[in-house]
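S.K.: Got a structure here, written out as structure tokens. Questions coming.
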Amino acid sequence: MANRWKNDLTLDDVTPRQAFLNRRQIMAGMAGVTVGAIAGPAFAQELEPNSYEDITSYNNYYEFGTDKGDPARYASALTTKPWSIKIDGLVDRPGDYSFDQIMEGMTVEQRIYRFRCVEAWSMVVPWDGFELKDLLDRAGVQSDAKYVAFETAYRPDEMRGVAYPVLDWPYREGLRLDEAMHPLTMMATGIYGKTIPNQNGAPIRLVVPWKYGFKSIKSIVRITLTDTQPKTSWNMANAREYGFYSNVNPEVDHPRWTQATERKIGGGLFAKRQPTLMFNGYEKEVADLYRDMDLSKFI
Ligand SMILES: Nc1nc2c(c(=O)[nH]1)N[C@H]1C(S)=C(S)[C@@H](COP(=O)(O)O)O[C@H]1N2
Ligand SMILES: [Mo]
């Protein structure tokens, strides 16, 4: 697998030097960091990654149960090889793309991102992956496409949690096309340089660091380009609490709790809550996407 061998190398080895320098420059301006942490002055909080243990034992993956420990306990039942993603809808080259086809020629890089769940806990995760844009470009997005819809695998034989109607399965998510094409939006295939564990969404999941965690859909089997806003699982379950946009916003509380602060996982029993940042700290990079929108309405 492409990401296997790439993980054994540094970015310098796998990326042409100029491209690497450009990318590093881009990343320096964003909060995501590739090789060598470059702290932006706008970010008061340190990007101190959580431990591998924290990241892989405290999870939300309701297909395997609703307790934080259920995914680590039960997601090993998911068969992740072979894997393919159906890319369809408004694209020039629709089809079933195998995992290996998807990874072929992709530049896998490490990015350290903040991750903020709508439940008001957070982590910092060193993901390995590539930009979603690179995959969408390969499929050839047609000019009338406006949204991207995503679907998780639905496997009652392997997923003990789908026996319960907690959500309308399969788990579905969606982005506006400009959000999907944004350079911060990535498809993750690894954590800490290791193949991504099943509980974190193996073999491939979305990561949108400025949105609440539920937008970052796991174990993706279908990506559809559409001209209408797709239906999404949490929004269907409760539209008042979980908007389509779900940008991290400390000024708009969840109807049942504050979003002004968050608890960073791994800090221990007496850790202080930390302030939640607008767009989860990625305001400089993404605020423009929403410049004409009332973010208290478009939650
Ligand atoms: N298919 C699927 N994707 C999912 C979820 C889920 O239940 N099913 N949970 C979401 C939620 S609420 C969060 S916070 C993140 C958690 O990702 P992590 O377990 O890697 O931290 O995954 C998101 N993606
Ligand atoms: Mo979440």
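Glycine is treated like the rest: Cβ placed from N, Cα and C.
No curator has checked TrEMBL annotations; they are predicted automatically.
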S.K.: From the candidates T79, T80, T152, T258, give the one listed by TrEMBL for the same Mo-molybdopterin site as N59, Y62, E63, C117, N200, R205, S216, I217, K218.
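M.R.: Between T79, T80, T152, T258, TrEMBL records just one in the Mo-molybdopterin site with N59, Y62, E63, C117, N200, R205, S216, I217, K218, namely T152.
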S.K.: Among the binding-site residues N59, T152, R205, I217, which have a Cβ atom lying under 6 Å from any atom of ligand 1?
M.R.: N59, T152, I217
S.K.: Summarise the model's confidence over the domain 'Oxidoreductase molybdopterin-binding' (79-234) as a mean pLDDT value.
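M.R.: Averaging the confidence scores along the domain 'Oxidoreductase molybdopterin-binding' (79-234) gives 98.
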S.K.: Might you list, by sequence position, any residue in that chain lying six or more from N59 (Mo-molybdopterin binding site) with a Cβ less than 8 Å away from its Cβ?
M.R.: K68, G69, D70, P71, A72, Q199, N200
